[in-house]
Amino acid sequence: MKSVRYLIGLFAFIACYYLLPISTRLLWQPDETRYAEISREMLASGDWIVPHLLGLRYFEKPIAGYWINSIGQWLFGANNFGVRAGVIFATLLTAALVTWFTLRLWRDKRLALLATVIYLSLFIVYAIGTYAVLDPFIAFWLVAGMCSFWLAMQAQTWKGKSAGFLLLGITCGMGVMTKGFLALAVPVLSVLPWVATQKRWKDLFIYGWLAVISCVLTVLPWGLAIAQREPDFWHYFFWVEHIQRFALDDAQHRAPFWYYVPVIIAGSLPWLGLLPGALYTGWKNRKHSATVYLLSWTIMPLLFFSVAKGKLPTYILSCFASLAMLMAHYALLAAKNNPLALRINGWINIAFGVTGIIATFVVSPWGPMNTPVWQTFESYKVFCAWSIFSLWAFFGWYTLTNVEKTWPFAALCPLGLALLVGFSIPDRVMEGKHPQFFVEMTQESLQPSRYILTDSVGVAAGLAWSLQRDDIIMYRQTGELKYGLNYPDAKGRFVSGDEFANWLNQHRQEGIITLVLSVDRDEDINSLAIPPADAIDRQERLVLIQYRPK
């Protein structure tokens, strides 16, 4: 009976966090709008080999993540939930692997359930796992690889070992098809410390080639297909998207070595109090095969991405699966022997909630700021934000009432965040980061436009997805579409600032021309170097400028 209650509670938890509130949040640009539009175009064109964005070749990532996103929009429609369905599915599958792997390591159903709940409620997992990017997919394949390698090395027969390594190769191959060759580097680096400490080199060398073969066979069909269609894909993807992005001095998203320290700290909420003890206990028990394996899968990817010059918080998502298992194991030990860490965790959550309440007041219309984050007419959003932090502090307090039994309720600290964050985003943020909001405000003007030009790729993708058209033209800036715009068949998809007046004269009689520009909040739009317009509609950070036929 208790198991049934636990399962019902888990499903209710998943529904409240990962299903019910998702449609209430508008898509963010540039990431979510980009991936939403790529998948929409894939469904519309039927081209499942070459990814396109705004009708242009888009070679920044391989294809597998777009397949899953496209299936999500195919099943649930071109809406906010449909766009995010793929990442939610991948996150829940990863949680299922956490359950299975914890159960296999410790044979403890309660521990397995706690590890799953901890994983799904970690701030970084929830933030990225409900956000339409490709990282939850690669995290799933990496965690699947972690499970497959363990399965192979624990098998007692050659058939079991062979099956495990073949499965490992498939997960690595799908990882390569999702985000590239990092899906090969991370598993290798993660298993080497365990192989070395357990002296399992023989099995690795005997059966490892099976993983190589199955990985190659997984990637080969699509790899050959895109090489035939687009011969320069692999050259661009390897040199630009891997070498330049991560290793060279001009790498994207450059950050210092310690960049991931605050990411780990913030990402571990609402379980931050367990982080030091989980890592220390894992190191202290490193003679235990399972513990050192989980510790290696937590630390090695973190070190690898810390050394790389290009860094983003999403890169280390896979580390938190093994970390959640270590946290759950440590939490049960602490509850039994010394609940000090659990008490500290409760106080951390109270402090976080109270700090958030105070910070919300400071940036509210009633606070001391001259330019508050929310305006007076957005009072309900302020109360939503207060509710988010109040619930966080409340459940932090509740875990302290009988800490040996109530500590798992820390998983409910982010409940307010999950349910209310979509209702608390300030208009000033929505106007710049949510193109859907802009489209809703300017729908009547945008719909009849013959041409739409914009100076932001993220906004362009949002306009394309909302309006169901891929012919948005880039104006002044090419951004990440620079490579695709260099192809001969992309001529006419970019208009520079100097060329715009002539281009306008040539195309004005074909229909309404709409220019959507991103501007600074205090920028005077009358000073823009553009021909006089027939209509201007400013929505704070985005401006709609229209030219009608004469």
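Positions of Cβ are set from backbone N, Cα and C atoms, glycine also.
Note that this is a predicted model, so its numbers are computed, not measured.
Look at Swiss-Prot and you will find 7-27 (among others) tagged as transmembrane segment, backed by sequence analysis.
Long-range contacts of the transmembrane segment (81-101) within the same chain, counting only residues at least 6 positions beyond its ends with a Cβ under 8 Å from a Cβ of the stretch, are 14, 18-19, 22-23, 27, 32, 35-36, 39, 65, 68-69, 71-73, 75, 112-113, 115-116, 119-120, 125, 128-133, 136-137, 139-140, 143-144, 146-147, 150, 321, 324-325. Swiss-Prot lists 81-101 (among others) with the feature transmembrane segment.
Sequence annotations record features per position, and here Swiss-Prot assigns transmembrane segment to 111-133 (among others) based on sequence analysis. Within its own chain, the transmembrane segment (111-133) is flanked in space by residues 6, 10, 13-14, 17-18, 22, 25, 27-28, 31-32, 35-36, 69, 83-84, 86-88, 90-92, 94-96, 98-100, 102-103, 263, 266-271, 313-314, 317, 320-321, 324-325, 327-329, 331-332, 408, 410-414, 417-418, which lie at least six positions past its ends and keep a Cβ under 8 Å from the stretch.
Residues or ranges marked as transmembrane segment in Swiss-Prot (evidence: sequence analysis): 137-154 (among others). Tertiary neighbourhood of the transmembrane segment (137-154): same-chain residues 64-65, 68, 86-87, 90-91, 93-94, 97-98, 100-101, 104, 160-165, 167-168, 171-172, 174-175, 178-179, 182-183, 186-187, 190-191, 200, 203, 207, 293, 297, 301, 317-318, 321-322, selected by CB-CB distance under 8 Å and a gap of 6+ residues from either end.
Swiss-Prot lists 165-185 (among others) with the feature transmembrane segment, giving sequence analysis as the kind of evidence. Sequence-remote contacts of a segment are chain residues at least 6 beyond its ends whose Cβ falls under 8 Å from one of its Cβ atoms, and for the transmembrane segment (165-185) they are 61-65, 134-135, 137-138, 141-142, 144-145, 148-149, 151-152, 207-208, 210-219, 222, 237-238, 241-242, 304.
Here Swiss-Prot flags 204-224 (among others) as transmembrane segment. Counting only same-chain residues 6+ beyond the ends of the transmembrane segment (204-224), those with a CB under 8 A from a CB of the stretch are 49, 62-63, 152, 161-162, 164-170, 172-174, 176-177, 184, 191, 195, 234.
Residues or ranges marked as transmembrane segment in Swiss-Prot (evidence: sequence analysis): 255-275 (among others). Listed as Cβ neighbours of the transmembrane segment (255-275) (distance under 8 Å, sequence separation of 6 or more from its ends, same chain) are residues 118, 121-125, 302, 305-307, 309-311, 313, 316, 320, 323, 327, 330-331, 334, 341-349, 352, 392, 395-396, 410-411, 413-414.
Long-range contacts of the transmembrane segment (288-308) within its own chain (CB-CB distance under 8 A, at least 6 residues past either end) are made by residues 105-106, 142, 146, 150, 185-186, 189-194, 197-198, 246-247, 251, 257-260, 264, 279, 281-282, 315-316, 318-319, 321-323, 325-326, 329. What Swiss-Prot lists as transmembrane segment is 288-308 (among others).
Marked as transmembrane segment by Swiss-Prot: 315-335 (among others).
Per Swiss-Prot, transmembrane segment is recorded for 346-366 (among others).
Per Swiss-Prot, the feature transmembrane segment maps to 382-402 (among others).
Remote same-chain partners of the transmembrane segment (406-426), defined as residues 6 or more beyond its termini with a Cβ less than 8 Å from a stretch Cβ, comprise 13, 16-17, 20-21, 24-26, 114, 117-118, 120-121, 123, 126, 269-271, 331, 335, 339, 342, 345-346, 349, 353, 373-375, 378, 380-382, 384-385, 387-392, 395-396, 398-400, 434. Among the features that Swiss-Prot reports, transmembrane segment is placed at 406-426 (among others), with the record citing sequence analysis.
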Checklist entry - Same chain, outside the transmembrane segment (7-27) by at least 6, Cβ under 8 Å from its Cβ: which residues? => result 33, 36, 79-81, 83-84, 88, 91-92, 113, 116-117, 120-121, 126, 129-130, 132, 411, 414-415, 418-423, 425, 430, 434-437, 462, 465
